[in-house]
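> A single structure is presented below for examination.
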Amino acid sequence: MADAGAFDSQTGAPIDGEVVAGNAIGNTRATGSVAWSKVSSEEDADGSKPYLSGSEWKLTFTPYSATGSAETITVDLITDCEQGSGACEVGEWLDQNSARGQFQLTELAWGTYTLEETKAPAGYDLPEEGAVYTFEINASNVTETIQLKLNNQAVAGNLIENTPGVVLPAAGGETPLPLTLLGCALALLSLLAGALLLRRELA
């Protein structure tokens, strides 16, 4: 049996080893990750903006391709893990941050991505119509913090805000007491004026 590391004297091929065609040694591309947060546009007493739960997202991914012929992949539903404690479920396109309102997608391949909020947290409005956030993962940034952009402008801290919705008073609700008293007074004045007018006509 040949010694470990022995080579064939005629071909130069390793004995009991694997021949690498053309001596080409490949490398697997490192994957990246992206993180963003869903917050209120209004600040708490301490000046911070609270994280919001319950948002849903749509993501598209166009893989990097040297030929430019890659097909875009659409992920229709990304939800907040929101475990509070403990690990999130591991899987493709699943949020890996267990904190409320904070998202992280990992193991992302090189390519261009879009991110769009499809459902706002309860009591909040969606961002402006057509708000589509973009980011890219490639060789130059795969190990860095990925920056979201909106209309080609960086989103500060990757914080995406929602504005509280306007709450309209319910129809048929209780009328405030001052308005009730004012209405009674006006009705009484109308009755008195009518009585005086009738008395003059009869005189």
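Quick reminder: no glycine exception, Cβ is built from N, Cα and C everywhere.
What you see is a predicted model, and the numbers here were worked out from it, not measured in a lab.
Feature annotation from TrEMBL assigns domain 'SpaA-like prealbumin fold' to 46-149. For 177-198, the entry in TrEMBL reads transmembrane segment.
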> Per-residue pLDDT averaged over the domain 'SpaA-like prealbumin fold' (46-149) comes to what?
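PLDDT averaged over the stretch: 92.
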> Sort the residues of the domain 'SpaA-like prealbumin fold' (46-149) into helix, strand and coil with DSSP and give the three counts.
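Helix, strand and coil residues of the domain 'SpaA-like prealbumin fold' (46-149) number 0 helix, 39 strand, 65 coil.
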